[in-house]
Amino acid sequence: MIGLHLVDYLIFAFFLIVSLAIGVYHAFSGNKQRTTQEFIMADRNLKVLPTMLSLLVSILSAAVILGSSAEVYSYGTQQWFVCLFGITVAIVLVERLIVPWIFPLKLTSVSEYLQLRYSSRLVRVVGAFLVIACGVLFIGTSIYAPSLALEAATGFPTKVSIPIMAAVATTYTALGGMRAVIWTDVFQSVTMLCGMLAVIIKGSMEVGGISDAFHYAQKEGRLLAFSTSFDPRERMTIWGSVFGLGISWAYLYGLQQASTQRYSATASLRDARL
C-alpha cells in the first residue's frame, strides 16, 4: 500500500473543483435552468459528440473498468471478443429499432412511456419506483467499487471518498441540470481515457515494450479468441454474447433511463441515432 502525497490530493481536488465549476457555469449561463425542459432535457438541443461521450461513461463506470481489468487478468481476453460481438448486436438493435420508436414520443422518462402504453398511472408509478431502485443500486456500486480500490491501494478511507464524490455529483447536477451532467461526463471521459492510456504505457515500459507485453500475455495463456461452442457449460461463447450481452446492452443503451434521457435530448432523430 502506498499513501497519497500532496500532489495526489491536489489532483483529486482539481477534478472535483472542475466538476463543480461546470455545474455552476451552466447554472448561470444560457437559459439558467429556468424551465423544466431546460433543466431536465437541455431544451432538446444537445450535440452528438458530447452526448455520445456522456452515454459511454454513464454505462462504462469505474466499476466496469475495474471489473473488466480483473476479468482479463484472471481469464484472458476472451471477454473482449465476446463483448465486441454483443455490443455490435446492441448497437444495431438500438439504432434501428429502439431509438426510432422512442425518440418521436418526446419522453422525459422511461416510466412515462408505460403510462402512454397502458393508460395507467399506477403502472407508471411502479415503473418509476423500479427505475429509482435500480439506479440507487447501480450508483452505489459505481461509487463504492472505485472507492474500495482507492482505499486498498492508498489507504484513503471509503468513509471519506464516498461522501465527497456523492456530494460533488449531486451538487453539480442540481445546479446545472442535464447540460452540466453532459459536460462533466465529457471531462470525465477524457480523464478516464488518459488514465487508461497511462496505465497501458507504464505497464508496457515496465516489461520492455508493447510487443513484450503481448508476448508475456500469450505465454501465460491470456490471449484467447472467442469460442463458437454450443456447450452451455462453457464460460463465454459467441452465442452467449449475441443473445445474452446483445440484448442486455441494447437495454442499457436504448431503454435505461440515463440513456433514454440523453438521446431524447438531442435535436433530431438523426442525431439520436448517431
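Each residue, glycine too, has its Cβ placed from N, Cα and C.
Automated prediction, rather than curation, is the source of TrEMBL annotations.
Positions annotated as transmembrane segment by TrEMBL: 6-28 (among others). Remote same-chain partners of the transmembrane segment (6-28), defined as residues 6 or more beyond its termini with a Cβ less than 8 Å from a stretch Cβ, comprise 154, 164-165, 168-169, 171-177, 179-180, 183-184, 187-188, 191.
Sequence annotations record features per position, and here TrEMBL assigns transmembrane segment to 48-67 (among others).
Positions annotated as transmembrane segment by TrEMBL: 79-102 (among others).
TrEMBL lists 122-144 (among others) with the feature transmembrane segment.
According to TrEMBL, the feature transmembrane segment maps to 156-175 (among others). If you look at the transmembrane segment (156-175), the same-chain residues 6 or more away from its ends with a CB under 8 A from one of its CBs are 4, 16, 19-20, 22-24, 26-27, 33, 143-144, 147-148, 150, 181, 184.
Beyond its flanks by at least six residues, the transmembrane segment (182-201) meets 15, 18-19, 22-23, 26, 42, 46, 50-51, 53-54, 56-58, 60, 62, 65, 172, 262 of its own chain at Cβ-Cβ distances under 8 Å. If you look up TrEMBL, you'll see 182-201 (among others) marked as transmembrane segment.
Taken from TrEMBL, the feature transmembrane segment applies to 236-254 (among others).
Remote same-chain partners of the transmembrane segment (236-254), defined as residues 6 or more beyond its termini with a Cβ less than 8 Å from a stretch Cβ, comprise 55, 59, 78-79, 81-83, 85-91, 93-94, 97-99, 102, 226-230, 260.
Beyond the ends of the transmembrane segment (122-144), by six or more residues, the same chain brings 61-63, 109-112, 114-115, 158, 162, 165-166, 257-258 to within a C-beta distance below 8 angstroms of the stretch.
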